Amino acid sequence: MPIDAESEAELRSEAEAPPGGFGKLMRVFTFATAVDRLIQIGCAFAAVCSGAAMPLMALILGRLTANFTDYGSSGDDKSTAEFMKSVQTNALWFVYLFIGKFTLVYLWSFGFTFTASRMLQAMRLTCLDRILDRTVAANDEETPGSLSNTVTSQCNSIQAALSDRLGIMIQAFSMLLASFAVAFSQSWQLTLVMLGLVIITLGLIGFIVSSDQKIEAGLLKRYAECSIIAEDALGSIRTVIAFGAAHKFLAKYNEILKKTETDGKKKGPFVGLMFACQYFFMFVGWAIGFYLGAYLFTKGMISDPGRILSVFFAMLIGLGAIMALGPNMPSFIKAIAAADVAFKILDDGTDQNQDSESQKDASQPEKIACQGHVELRDMSFAYRGREDRNALDKINLSFERGTSTAIVGPSGAGKSTLISLLERWYEPTAGSIFLDGNDIFQLDPKWLRSQIALVQQEPQLFNASIFDNIAYGLIGTEQENLSPEDKQTLVHDACRHARAYEFITKLPESFDTMVGDRASLISGGQKQRIAIARALVARRPILLMDEATSALDNENSKVIEALMTNSIDRTTIFISHKIRAATKADRVVVLDHGKVSEQGTHEELLSAGGLYKRLYDAQTEVESSDDEDPIKTITKTPIPTVVEKTEEASGGPQASIAEPSDNLPQIPKRNLLANLWEIAKEQRRYWPIFLIGLVACVVTAQIFPVQAILLGRVMQVFQGPPEKVSSDANFWSLMFFVVGLGAMISYAILGFFMTLLGVYLTRFYRLEYFRAVLQQPVEFFDRVASGTLLSRLSSDPSNLHELISINMGLLISIFVSVISASIIGLAYSWKFALVAIFAAMPAVFAAGYLRMKLDSSLAEEMEKISEESARFVSDSLSAFRTVKAFTMETAVHHMYNECLVSFAGRLYRQRAVMTLFFAFSESVELLASALGFWYGGKLMGDGELSTEKFFTVFIAVVVGGQAAGALFGFSSNLGKAKIAANNILGIRSQVRAAAARDQSRQMAEENHSEKTENTVVDMQNVTFAYPARPNVPVLKGISFKVYRGQTVGVVGTSGSGKSTLLALLERFYEAQSGTVNVLGRPISAHDIDEYRKRLAIVPQEPQLYNGTVRDNVILGLDEDKVQEADVATACEAAGLGEFISSLPDGFNTQCRGQGVSFSGGQKQRVAIARALIMHPELLLLDEPTSALDAESEQLVRETLGNIQEGRTMILVTHRLNIVRNAHVIIVMDGGRIVEQGTHTELMAKQGNYFKMHESSNGGEA
C-alpha cells in the first residue's frame, strides 16, 4: 500500500520548507507564568554566576603561576615560606569557589527542570485543546498517531532541552564570556586576537547548526509519517495478524525509513565540520595567542608573564565551555524542529479548521430550553476528494419534537453523512440546517452538541471503567454536577433502558470493570449497549442513532424499538438497515444516492410501492427464506448434520478453569554494555565504519593530554632570556598549529563516521522494533495499549540513537582522554599524579556514578510517564468524534491536566535528590584543583617537583577531571539509551522465544500428519479465559465438529462467546484446556503463517487502511500474485461493483482517514471482498451483514452460497435468517453450547433458538 502521490508531495514540500528557527523555541516561554519567569530569571542569574566561577579560577591560576615562576628562579628559605603561604591562600579560594558553584548549580538545575515541566504541561494542554477544538473535517486530514506524537514525543524533546540543558548552555556561554572578560583584564591585545577567532568559530557553528536543523525538521516529518503507518497497523492489529499483512506495513515503514536514512546521512558532513571547526580554531587561537603573547613580553608591553598565562588559562576554561556546548547542541536542534511542528498546530487558527474560532459570535441559548425541532433546507454535501459526487443532494427534511424518524436506504445512500452534518462535524456545501429556527452554524457548537445524544455505528469507548464510560454522557449537561449517588442512579437507569444492566452486574467488578484499549475486553454487543446507555443517561432532547443495533441480538435490539415508540420528550432519528425497526417509527425517510426518495409512515410507503417497499420485500424475503432455497452444498461426501454435544450440555462434568499457560515474559533488564555488545555482534557489516570512527576517537582523545604537555613547556619559556623566549615561542606556536590540524582532521572523521553509524543503526532498529511489535501475539496487545506502543516506537529508537551516533564517539574519546591524561601525569611525577588522580578522581566518579544511577531511575520513571501520557492522548484523539459529540473537550483537558500534575509531582521528588549529585559532579573539579595546587606546591617547596612537571601534571589532571565531568554529563542520554535498548532488544527476544516454542511444539507434533478426512474443525472440551481476565471463563467445555463443505451458524446472546470461538480458530489465543484440531491436525502443529493463509475472516468492525480501495481488498495477498480480474470478481461478489464504478478513481480511490468517507456498509463489503479474494478453505464471518441493507444482505447471502465449493464457513450472527439454511446451527449462552442442529430441528425443540426466532419475528411464525 504505497503512499499516494499527493501525500508524498505534501510531505516533500513540508520537509523542504524552512523551519521556524530558534524563535519558535523561544515562544515556548510564553507558556511560563509570572512565578515561572521569576524562577527562570533567578536560575539564569545562578547559571551565569556558576559559569563565572571557573574563569575566576584563571585569575588565581595566574597569580599562582607567577609565584611558581618566581620561586623556581630563586628557591631560598624566605621565598619558600612566602611561596607556601601564597599557595595555601589561593587553594582556599578554590574551596570557596566550589561551595559557591555547587549551590548555584543545584539552584539552576532544579529550577529550570521545575519551570520546564510547568511550561510544557501548559503547552501540552494547549496543544491538546487546539487539536480537540478542530472541526472533524480538519481532523480527518491527519491521524491520531501523528497528532498524539506532537503532544507527547515532540513536547518531550522540547522539555529535555529547556530543563537542565538550558542551564548548562547558559552556564557555558557565561563561562565563555567571563573567560574573555578575565582575559581582557590581563591583556586586551592578546585577548582581542583570540576573540576574533572565537567569533569566527561560533559563526561557522551557527551556520552549521542552522543547516543541520533543516535536515532534522525533515526527519521529524518522516518519522511522523512512520507513526501514521504504525497507528494504521496497531489500530486493528487483529485484522493485520489474521491476513498476514504485517510485511506490507513493514514495507511501507521501510520505504519511509530509507528516505530518513538518505536525509540522515546528510547530517554527517555537518556534524564533522562543526567539531572540526570548533577544535581547529581553538588551537589556532592558542598558536597565535602564544606567539603574540611572547612578542608582547619581549617588547616589554607585558611585564608579568603571569598575565599571559592567566589569559591562556582563561582560554583553556573557555575551551571547556565550548566543549560543554557541543554535546547539548543536538538536543536543542531537535527541540527547535519539534517546536516548529508543535506551533504549526498551535498557530492553526483558521476558521475552517477550528470549531470555536469559526463562530466567535455564536449564540449560546443556555437559558432557552431546546425544543428539538430540526429542519434541513436544500442541504447538499460532498466529501473532500469526491467533490464531483454529492453524498447528500438538496435534502429537505423536518424532524419534530416528540416524534421518531427512521432513515433507511441502501448502503452509501448518505444516511450516516446526515448524522455527521446534524452533529456539525461537517459544513454543508449548500443549504442550511436549523434547530428551533436557528441556523446551527450560528450556534455555539458545544451548546448544540450538549442537546444531542449520539450512538455511532462503530461506538468508541475509552480505556476506563464501564461506569466512567457511561457517565461521560453527562458532560455538558445540567446533570454533570450532580452528586456521585445521583449520577450512579442515572447510570444504572440508563443501563436498564439499554438492556446492559444485567450483563454488567454479572461481571466480577461490575460497573468498575475496565473495557480495555479500544474496548478490546468486551464483546461488540456489550460495547454497543454501553454506548446506548451513555446516550440515554443525560436524557438529551435529541437522540441520534446510527445503526445502533448492528451488533445486538434480536432480543436486545428491542431496546431501540422501545425508544422509537417512546419519544414523547425527545426528537429521535434512527438510521438502520433493518426495515423491521423502521416499522415502529412515526415516520420513515428513504434515502437513495444522496436524495430523499420518499417519506411517510410505514403503511403509506408500503402502499406507494416505491423503493421502501422493495427494501421491505427484500428483507422479508431474506427473513422468510426456508429450506426450499438452501445454501448450496457442493461437497460430494456425506456431511453429518449434527454437531457433537459438549459435556456440559449433555450433563457431563464441567471443565476446570486453568491458569494461562504462556504468559508474556517480562522484558529482561540488562546493563548498557551487554546491550551494546549484542548490537555490535549482530552489526558486523558496520564494523569498518565503527573502526574508522574508533581510531578517530583514540586520536581525538590524545589532543588534550598533548595540550597539557605543550602548556607545561610553555610555562618554562618565560623563565629564559628574551631572545630565547622569542625563538621558543615560534616553535611551540607551530606545535599548537600542528596539533590543531590533527584535531581538525580527527574530529571531522569522528563526527562524520559516527553520525553515519548512528543513521544506519537507527534505521535498522526502528524497523526491527516495529517488526517485533507486529509479531507479538494478540494477548500482548490486550495488555499494552496501542497509544503506549506508538509512543515507544517513536521515542525508544530516538533515545538509542542518542547513544549510538556521535555521542558514543565523544564518550569513547572522553574515556580514553581520562586514561591518557592520567598516564601522562604519572609519567611526569608519579607522586603528585597519584594524589591528584586518586584523591580527586574517586570523588568525581562516585558523584557521577550516583548521578547516572539516579538519572537511569528517573529515565525509567519518565518513560512510564510518557507512555501513560501518550496512551491518554492517543485514546482521546482516536475517539475524536465521540469527544466532540459529548462535548468532552473540557473534561479531557482536566483529566489530562490531573495526569500531568501527578507525573510532575513524581518527577520533582526524584529530581531534587538527583540534582545534588549533578551539582557535585559539575563543581568537584574545583576541589580537585585546590588539592592539586596545595600538594603540588608542597612538593615544589620540598624540591621534588619542577615548574614544568607541575603544570604538565596539573593541566593533565584538571583536563582529565573536566573530561570525567563531561563523561557523566551524558548520564541522562545513557539512562534513556539503556531503557530503549532493553525495550527494543527485549521485545525481539520475546519474539524469538515464542518462535522457538512454536517450533518445538511443531516438532513434538510432527507425527500428526495432515489427515484428509472430512473434519475441518474439531473442538473437544475446550475451556478458555482471556489472559487479561484469567479468572473469568468465556468458553466452558466447548465440543463440536465442523465437516468439509459445511456452513455452520453460531448464534446466541451478546457476550455468550461466539466471537471468541473465531479468535481461537484464528490462533489469536490458545485454549487453556481441551483440544482444537483444524484442517486435519492439532492447531498448534500448523506453521502459523501458512495456516492463516488457508483462513480468512470478516471481522465485526471492519477496518480500512490508508491506501487505495484495491490495496485494502488485496491486504492478505502479495502484490505480484494478484490478478486484476480476481480483484474485480471479489468486489463484484461482495456487492461492491456499482459503488466502485461510482468512485472518481475507481479501485485507485484513496481511503483517507481510515475510510472516514465510506459508509459502514461499504466498509463491510470491502472486508468481505478482502476475505473472498483469499479463496480460503475455512471462511470465518463475524456479523458480516450487520451494516448492510436488505438488498446487499441478500446479495452477500447469495455470494456465500455461490462460493461454498471446497470451502467451509463458520458464520457468527445475530440475524437468524442468515443461518436458517446452514447445515448446522450452534446456539451459545453463557460460554456454553446449549443447543445445536438444523433450523427445523431447533425450532421443533422450542428451546433457546425457538425463543430467539420468535423474538426476531415479533411473535410471528
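From the backbone N, Cα and C atoms, a Cβ is placed for every residue, glycine too.
The ATP binding site feature in Swiss-Prot is assigned to 409-416, 1052-1059; the stated evidence is sequence analysis. The domain 'ABC transmembrane type-1 1' annotation in Swiss-Prot covers 41-334 and rests on sequence analysis. The feature domain 'ABC transporter 1' is assigned by Swiss-Prot to 374-618. The annotation domain 'ABC transmembrane type-1 2' is assigned in Swiss-Prot to 691-976 on the grounds of sequence analysis. Taken from Swiss-Prot, the feature domain 'ABC transporter 2' applies to 1017-1255. Annotation source Swiss-Prot lists N-linked glycosylation site at Asn67, Asn396, Asn463, Asn1007, Asn1021, Asn1106. The annotation transmembrane segment is assigned in Swiss-Prot to 41-61, 92-112, 166-186, 190-210, 270-290, 308-328, 686-706, 734-754, 808-828, 830-850, 913-933, 950-970 on the grounds of sequence analysis.
Everything Swiss-Prot records as a feature, shown here on the structure.
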residue	record	CB count, 10 Å
Asn396	N-linked glycosylation site	12
Ser411	ATP binding site	24
Ala413	ATP binding site	25
Lys415	ATP binding site	29
Asn463	N-linked glycosylation site	23
Asn1021	N-linked glycosylation site	19
Gly1052	ATP binding site	26
Ser1054	ATP binding site	23
Ser1056	ATP binding site	24
Lys1058	ATP binding site	28
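Secondary structure at Asn1021 (N-linked glycosylation site), taken from DSSP and collapsed to helix, strand or coil, is strand. Gly1052 (ATP binding site) falls within a strand when secondary structure is assigned with DSSP.
Among 41-334, 691-976, 1017-1255, 1017-1255 has the largest number of CB pairs under 8 A with the domain 'ABC transporter 1' (374-618).
Ranking the glycosylation sites Asn396, Asn463, Asn1106 by the distance of their Cα atoms from the Cα of Ser1054 (ATP binding site) places Asn463 first.
For Ser1056 (ATP binding site), the spatially nearest entry among the glycosylation sites Asn396, Asn463, Asn1106 is Asn463, judged by CA separation. When Cβ-Cβ distances under 8 Å to the transmembrane segment (166-186) are tallied for each of 92-112, 270-290, 734-754, 808-828, 913-933, the top count falls to 92-112. Here the candidates are the binding-site residues Gly409, Ser411, Lys415, Gly1052, Lys1058. The one whose C-alpha lies nearest to that of Asn1021 (N-linked glycosylation site) is Lys1058.
Remote same-chain residues near the transmembrane segment (686-706) are listed as 279, 680, 739, 742-743, 746-747, 749-750, 753-754, 756-757, 760-761, 809, 812-817, 819-821, 823-824, 956, 959, 963 (criterion: CB distance under 8 Å, separation of at least six residues from the stretch ends). Using a 10 Å Cα-Cα cut-off from Ser411 (ATP binding site), none of the glycosylation sites among Asn396, Asn463, Asn1106 qualify. Neighbour density for Asn1106 (N-linked glycosylation site): within 10 A of its CB lie 22 other CB atoms from the protein chains shown. Comparing Ala413 (ATP binding site) with Asn396 (N-linked glycosylation site), their Cα atoms are 15 Å apart once rounded.
In this structure, the C-alpha atom of Asn396 (N-linked glycosylation site) lies 40 angstrom from that of Asn463 (N-linked glycosylation site). Around Gly409 (ATP binding site), a 10 Å sphere centred on its CB holds 24 further CB atoms from the protein chains shown. In three-state terms derived from DSSP, Lys1058 (ATP binding site) belongs to a helical segment. You'll find the Cα of Gly1052 (ATP binding site) roughly 34 Å from the Cα of Asn1106 (N-linked glycosylation site). Comparing the Cα of Asn1106 (N-linked glycosylation site) with the Cα of every entry in Gly409, Lys415, Lys1058, these being the binding-site residues, the smallest distance points to Lys415.
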